[in-house]
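These features come from TrEMBL:
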COMPBIAS  413-429  compositional bias 'Low complexity'
COMPBIAS  491-512  compositional bias 'Polar residues'
DOMAIN    1-362  domain 'CAF1B/HIR1 beta-propeller'
DOMAIN    767-965  domain 'Protein HIRA-like C-terminal'
REGION    408-430  region 'Disordered'
REGION    491-526  region 'Disordered'
REGION    563-587  region 'Disordered'
REPEAT    66-98  repeat 'WD'
REPEAT    127-168  repeat 'WD'
REPEAT    170-201  repeat 'WD'
Amino acid sequence: MKLLKPSWVSHNGKPIFSVDIHPDGTKFATGGQGEDSGKVMIWNMAPVLREEDEKNENIPKMLCQMDNHLACVNCVRWSNNGLYLASGGDDKLVMVWKRAALIGPSTVFGSSSKLANVEQWRCVTILRNHTGDVMDVAWSPHDVWLASCSVDNTIVIWNARKFPEMVTCLRGHTGLVKGLTWDPVGKYIASQADDHSLKVWRTVDWQMEANITKPFNECGGTTHVLRLSWSPDGQYLVSAHAMNNSGPTAQIVERDGWKTNMDFVGHRKAVTVVKFNPKIFKKKQKNGSSPKPSCPYCCCAVGSKDRSLSVWLTSLKRPLVVIHDLFDKSIMDISWTLTGLGMLVCSMDGTVAYLDFSLDELGDPLSEEEKNTIHQNIYGKSLAITSTEVQLSTTVIENPEMLKYQQERQNSAQNNAGAAAAGPEAAAPKVNSMMNGESLEDIRKNLLKKQVETRTADGRRRITPLCIAQLDTGDFSPALFNSAPILPSGSSLSNQIAPQLNSDSSPGQPSSLGARPNQDGLLTSPPAAGVAKALEDDKDGLKSGLLLTSASKIEPMKALDSRFTERSKATPGIPSAISSTAGLAPLERPKDAVSALKDAKAKEETSSDSEDKMAAINKNLSFAKRKPELLLDGGEVVEKRKKGRPRKDKMAASIPQPFTQITPLPLEREPSRAAAPPPAAAVLRLPTPSLQKAFSLQVSMDPSVFLEVENDVSVVAGSKLSQLRCSRDGRDWNTLLPSSVLAAAGSSDVLAVACDDRMLSVFSCSGRRLLPAIQLATPVSALHCSAHFVMVLTAGATLSVWDVQRQKALVKNESLQTIFSGAETTVSLSLLTQQGVPIIGLSNGKSFCFSVSLETWTLIADKGDSLVQCADFRSCLPSQDGAASSGPLAVVQGRNLNAGRLASRLSSTPHHLQQSMTLAFLENQLASALTLQSAQEYRYWLLIYARFLVNEGSEYRLRELCKELLGPVHKSAASSWQPATLGLHKRELLREVLPVIGENLRFQRLFTEYQDQLELLRTK
């Protein structure tokens, strides 16, 4: 290491508060006190580096002197591209300087001709907003923003691409803010102030991410500056002026969880400045030795009020070098050269020192590529890629189509920025949209449209807060939850609500609210227009606005939750929530029903966690803790019951849910007789509907089809007859069955009824019998019809699906034992999609569908799946989000889906892990949509997946995806490629994916290649 103090660098003996080396290493700037003003000076670096240049009179030492600041200059900083120099001073101004064309050597005003300015630097913009001295300025990576902090306790963020536009002002410090540092990719900015705190702010929404006070609590006295620094790998943030055991330290804050377990100890007085070397190093290889894999490390210089300087490597426990009494007064600023081997230090005593290190001392610097890889591991590609944006901006666009998409992307970014700039503090500039995909801008844009602005008496702007929950939930009909807040599942708020719910169930009844949240609710579905019909007999008049919302507008909600179902499913004694696509099933006692619905509504105000707390239990539904155990004893069903209070019939509010029909499980009123005893061998796993005298249901909305069942109409020759009546668009028909009907279901094409003699009959909509009566092995548990498919779930836990049109079985007595994970597992939801795919939801939170083509059970949703919680694909969502909120996949996964949209980019999972999780999650979604044969959802997830691959830069997967969609260009017998999937043409899908690829310049070759092939195929 060499040390040099160039005496010619001085402000005529006045203090120098700041020093910064130009990115190209040819010059450096100093800032400090002038004679009667602030002074910024630019010096030549050559005389510092080489002795012969110092002695050569023809090589100028000072390049330029600027006296524009009215008071002392506290900080000078070059922009990362080296075009601008920013300076901040006691005159409350930030000045931005740019080099001008040299007209001729001009002399410094009032000095002898020897001090001529060799370069001309002029002030191009003055940034005025601070009301106190500006202490520090900092350029963000890629010069997107310029930040300045001041003794007025604020930090102002300026738009560095549109001076003097102000992006936002960060308030929160209660003391003079004396230092700023950006993290290496511009995701955070950190500030340190005299209020004994260090605050980290997110650049996504300019909110505070962390507030660190513990290491600074003991700090007494102040320092002139608190220059903190972020390590080039993004892992550590090192602060000035911390205390540990009453000794001054430089505190190390880890980015992972903002932990403060380490510090640099040894200085005798407060640390004023910390500066990381811009390079990341790895151990130097000895000549001839095989390279050992070694951990990369960073290098950091620390300066203190005790006039000494220490240099540390994060791989060593002790400092690499300590230089005592380098100056006569406190050290004020440190700047490294971009090569990482030279360092300038300045002091209050008005002198500077230059330290020169060798590679042997520090190690081998990593290349830009290696550094980028480290950033990608910590922050993910979408943020780290920005460094290649600079190179990409100079890339020649080879394809006119590509140019079109690039321009569209820029236009949309500008539009976003235009909308965002509507209020200066309302939103960040357009660069945001480039750094985090488009989503944030869209969100902000939409919010701005809805912003309601008021002015307070003193003239300040106030913006009425908006509930953003709706932003992520597709079309939500507010009619359903007038005042209940809608929370994302798993949000911390919902966890706080649960305990309060427990406390308000009255002490007299067992608290049924502490349900295990992983169980799903019973089968419900929307009371749409049909509710009115079903409630005709209710003359008290149900509050019509209560639950009448259009079925299509409501996002799938998971049905009634477990507090309610686990018992009611197994106990034939409690009428369960019965409904189907069309409306509420039998209302035995309309008055009770109304009060129950009202109660449920009132309760809903308090219990609004969307996932599990939706179904409110009315206070008057007191459930005794009872669970019958069914014992098979010589073929008879014996029910053991524990004692329980007799209950009245009550009706629970059913929660609307679009799309597929889910059957009623009608339960008998008196727990009198069990169904016809099944063969002794069968083990009954699932509850069966109990017998009712009569019930009715609406099975189809359009056309509207109603079904009424009346059991025991008449007795003929000792056997009881049941009547089935159906009205379709006003036309009625009826038929008789020789046995009591337990369950019925229907669609616009077929109707199915299951009787208690285990016979299943299927009719057309005009009453023709379509299939001979089918004998089931065990009693029916659930029955569904959808389009021309009929599905039966039996009590013996087997599943069958028939295609009535083609008169064949799709699924044949398939056992559910394979998907039951334990003795407690029961079915909490069963449905049949329009394509005839059966879906079974279990009480353990998993949902399966039986794939006919694969002849196996496939998992399509899992409540406990951590992938869903951590996946983050917000930036990849399309602008209009219609299709996915109503398909079968959405119904099964319910609100869980939104976790991904709400998953914070800023969650503590390391990014590369989060990236892999998101990828895995999106691929799961694609596969599930394929198994469920849901074409719309498949297309929706495919586009999100493609956009995610483009954003993250995963070329191999993207190429494979394109290849699969394009298929072979020339037909051959060997090829097994199918041109369509779920009725969607693959090449049409590729046409939709290409514009997404066109948004990223890195993939222009890929884009051109596939676009050409598509053109070729079109003309063939």
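Heads up, the Cβ atoms here are built off N, Cα and C, so glycines get one too.
Broken down with DSSP, the repeat 'WD' (170-201) shows 0 helix, 19 strand, 13 coil.
Residue counts of the repeat 'WD' (127-168) by helix, strand and coil are 3 helix, 23 strand, 16 coil (DSSP-based). Averaged over the domain 'Protein HIRA-like C-terminal' (767-965), the predicted model has a pLDDT of 83. Applying DSSP to the repeat 'WD' (66-98) sorts its residues as follows: 0 helix, 19 strand, 14 coil.
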